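Colleague: A single structure is presented below for examination.
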């Protein structure tokens with residue numbers, strides 16, 4: 001070997017070729033499987049990264065754009081190796097070692113500077129962990145230190161420390177032999193920490209006397225109580241000439257203790273932060289003016305809907321079902337149709353209180369999806385969202401087909417399928433142009449529709465008293481045969497009521513609409529809205545079901561069963577004449593078209609929410625520059641809805657069955673979610689409680705003698721909806737196939753979004769197997785076999801397109817997730833971290849603690865978070881401390897600061913009003 005001076009020339013800016021090399025090295029590091037790197041290093045073997053020329057390596061060392069710090073890498077004869085990973089114990093030991101070295105001087109940094117990770121510009125460009133450097137003050141008398149030729153004070157390193165965490169002694173000795181070639185180096189101290197137990201740590205001290213000569217072999221010295229102090233000659237360390245004195249108070253011998261830093265490390269409970277990107281702790285200070293601005297904005301009065309406009313928006317969707325449900329129920333239950341209709345009225349009475357309880361606790365848009373998201377996993381909520389999408393899809397399709405049926409009743413030449421698609425297209429275009437629901441218009445349509453139905457009911461009552469024979473005749477008719485699993489079956493009372501009940505549930509579709517825009521309603525009116533909707537739907541459905549038997553015959557070409565899609569129009573003609581039939585047709589067309597508009601508005605809001613929650617693709621959030629509407633959502637909805645019309649050829653019975661599947665599925669999940677909500681979120685503030693059961697006064701008095709009669713609202717509602725779902729399921733198998741097809745399409749899109757990381761990794765695996773990238777798979781032959789260990793040469797095969805896949809995975813995982821944590825709790829933090837890892841795509845969890853102004857941050861909170869960061873090494877877990885009041889304004893500021901939506905911020909079950917106000921912003925409740 002020959003001595004190599006440490007050059008001090010200014011390193012030029014990298015050339016375009018060198019910039020390309022830097023980018024290429026960073027990209028190679030991006031594609032690494034860190035688990036494989038970690039396993040390789042734990043075996044004491046360096047990890048082969050890629051080939052690189054010396055100029056490429058020098059360019060990478062001198063740039064600040066490093067995906068992995070160059071001090072953790074080594075260049076050996078045209079190859080780059082990873083020899084260390086950034087780790088918490090490694091960095092903490094180095095920090096304590098610097099403190100120990102500084103304490104040994106007794107003069108601080110006045111005469112001897114101590115630096116970490118200062119690279120040495122020799123042939124290998126190695127970067128030791130700690131360097132001791134004499135300061136420029138020593139060139140003045142009486143010290144008169146003179147630098148070696150070609151060396152400046154910045155590069156004047158006399159002692160080098162290298163701390164190995166993953167590195168073996170062979171690798172540390174190789175580094176030491178490279179540093180000894182630098183003419184100003186006097187001592188080289190190598191320390192090997194025993195991974196992962198720290199039980200058997202050792203060190204070597206090399207005194208360099210002759211540069212360019214290989215260092216003699218040494219036996220490592222254990223870091224123990226009697227052998228842990230390194231003794232260095234101060235005159236050699238300071239490079240003092242023979243006649244020069246030592247600086248005042250500077251000891252003649254530097255005694256640097258290696259054991260104390262090690263004992264501190266062994267006693268650190270969170271030392272095992274061993275992965276490349278470990279978490280950190282930080283304190284955020286929120287500017288007062290920013291909070292005041294947010295508070296002012298949030299306190300600005302908003303235009304919220306009052307009781308009856310809100311009832312009108314929901315009621316138009318709900319009462320439009322009356323236009324086609326009476327005939328469909330009669331086709332299943334015949335003369336018994338009022339019985340299943342009454343049963344549906346009772347079921348919706350139960351759901352009225354269930355909705356009030358859940359929505360008052362979590363008054364956010366989203367209905368069933370939002371409930372399941374706050375009580376179960378994201379996958380279950382996503383399945384609920386799939387049903388909600390199909391429900392909106394069926395709402396628009398059934399509304400468009402029914403409207404075209406009413407239109408065709410007056411204009412027979414109209415094609416049912418084409419006109420339905422035309423209605424869907426017109427409202428799609430109007431939505432793209434910016435037309436949305438108007439509360440005033442909705443209220444006008446609502447009042448007009450109610451008046452029309454009331455006039456019809458009065459006319460039917462009068463007609464019934466004048467023609468009682470129609471009811472008597474209908475009561476003598478046999479029950480209609482039923483299509484069960486593709487076969488016609490003779491009906492009886494039970495099957496008529498059972499299948500009639502499943503069809504009658506169609507008459508209350510739209511009952512869930514009010515929960516989907518609760519944020520736009522005035523506080524405290526949601527219960528009144530549901531009361532109004534329940535009363536109106538119960539009154540009209542039951543009245544029309546009874547009067548239908550009194551006005552129209554069940555059988556025959558002019559009867560209810562043969563014309564089940566336009567029953568109300570026929571009742572209007574029969575009772576009040578042709579003119580009112582025309583009016584009923586116009587009213588039906590308007591109301592049903594309004595339900596199409598509701599479906600467009602509803603699906604847009606729902607998909608936007610799903611896209612914000614990363615359940616749907618985020619490109620759906622794109623708005624056109626002209627009208628700022630979500631054109632992708634609108635046109636995709638139109639395309640799928642039109643395909644459903646064509647697929648079922650505009651058959652209103654089959655379309656309504658698809659609608660029933662989705663609606664009953666939503667009610668089924670919502671009632672199940674309400675039960676889970678009562679169990680898992682029992683302490684959340686709410687307006688009412690849908691009791692598991694209640695006792696009458698007499699029952700309470702006799703409770704010790706007998707069981708009281710229980711009104712199981714949640715359980716009974718769940719069982720009844722299951723019956724309705726089963727009845728629909730046993731119906732026409734064609735409908736089941738169509739529903740399954742559309743559920744599969746929408747569900748597949750949701751599944752891809754939820755499991756896209758897994759799918760990308762599978763793609764990477766397949767590409768590695770079928771289309772590996774071209775890499776040098778041959779071992780490099782070294783001219784000096786004793787200089788390199790065979791384990792250093794570890795070739796690695798990538799995948800064609802792997803860089804793009806890796807970038808996509810990183811982009812998906814980049815946004816952080818926030819969890820607000822009030823108390824130091826191991827179980828609570830563990831639940832939160834496990835929930836996020838199971839349900840969200842992210843590599844960064846921010847644990848945020850807000851403490852009151854004037855109080856200190858809890859001692860040990862950051863270290864507790866550090867424990868979880870080491871427990872889950874694949875996820876970077878940060879601790880964020882904020883001094884302030886936990887309020888909605890603070891949450892909004894933090895969301896803006898982190899560039900995330902409040903949907904990606906989580907909280908435990910709030911048990912007080914202040915925390916509950918925060919959850920109203922969309923902050924998800926994920927644990928009790």
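Cβ coordinates come from backbone N, Cα and C, glycine included.
Residues annotated as transmembrane segment in TrEMBL: 342-362, 382-401, 413-433, 439-465, 539-562, 582-611, 632-652, 658-677, 712-731, 737-759. Residues annotated as region 'Disordered' in TrEMBL: 774-794. Per TrEMBL, compositional bias 'Basic and acidic residues' is recorded for 774-784.
Can you walk me through where each of these features ends up in the structure?
Modeller: Cβ atoms under 8 Å from those of the transmembrane segment (382-401) belong to residues 317, 320, 324, 367-369, 371-372, 416, 420-421, 423-424, 427, 509-510, 512, 592-596, 598-600, 602-603, 606-607, 610, 615, 637, 640-641, 644-645, 650, 652, 655-656, 658-659, 661-663, 665-666, 669-670, 673, 739, 742-743, 746-747, 750-751, 754 of the same chain, restricted to positions at least 6 beyond its ends.
Residues 305, 308-313, 315-316, 319, 322, 471, 536, 540, 543-544, 547, 550-551, 568, 571-572, 574-576, 580, 583-584, 587, 590-591, 594 of the same chain, all 6+ positions outside the transmembrane segment (439-465), place their C-beta atoms under 8 angstroms from a C-beta of that stretch.
Note on the transmembrane segment (539-562): residues 319, 321-322, 325-327, 329-331, 334-335, 337-338, 341-342, 344-345, 453, 456-457, 460-461, 463-464, 467-468, 470-471, 473-475, 477, 480, 504, 507-508, 568, 570-571, 574-575 of its chain, located 6 or more positions outside it, place their CB under 8 angstroms from a CB of the stretch.
Sequence-distant contacts of the transmembrane segment (632-652), counting only residues of its own chain at least 6 positions beyond either end whose CB sits under 8 Å from a CB of the stretch, comprise 324, 328, 392-394, 396-398, 400-402, 404-405, 416-417, 420-421, 424-425, 428, 431-432, 564-565, 599-600, 603-604, 607-608, 619-620, 622, 658, 738, 742, 745.
Long-range contacts of the transmembrane segment (658-677) within the same chain, counting only residues at least 6 positions beyond its ends with a Cβ under 8 Å from a Cβ of the stretch, are 351, 354-355, 357-358, 361, 367-368, 371-372, 374-376, 380, 383-384, 387-388, 390-391, 393-395, 397-398, 502-503, 505-506, 509, 512, 644, 648, 690, 714-715, 717-718, 721-722, 724-725, 728-729, 735-736, 738-739, 742.
With a threshold of 8 Å between CB atoms, the same-chain residues lying at least 6 positions outside the transmembrane segment (712-731) that come near it are 343, 347, 350-351, 353-354, 483-485, 498-499, 501-503, 505, 657, 660-661, 664-665, 667-668, 671-672, 674-675, 678, 690-693.
Same-chain residues lying 6+ beyond the ends of the transmembrane segment (737-759) with a Cβ under 8 Å from its Cβ atoms: 378-379, 382-383, 385-387, 389-390, 393, 610, 614-617, 640, 644, 647-648, 654, 657-658, 661-662, 809, 812-813, 841.
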Colleague: Counting only residues 6 or more past its boundaries, what in the same chain has a CB within less than 8 Å of a CB in the transmembrane segment (413-433)?
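Modeller: For the transmembrane segment (413-433), the nonlocal Cβ contacts are 396-397, 400-401, 403-405, 407, 593, 596-597, 600-601, 604, 624, 627, 629, 631, 634-635, 637-638, 641-642, 645-646, 649-650.
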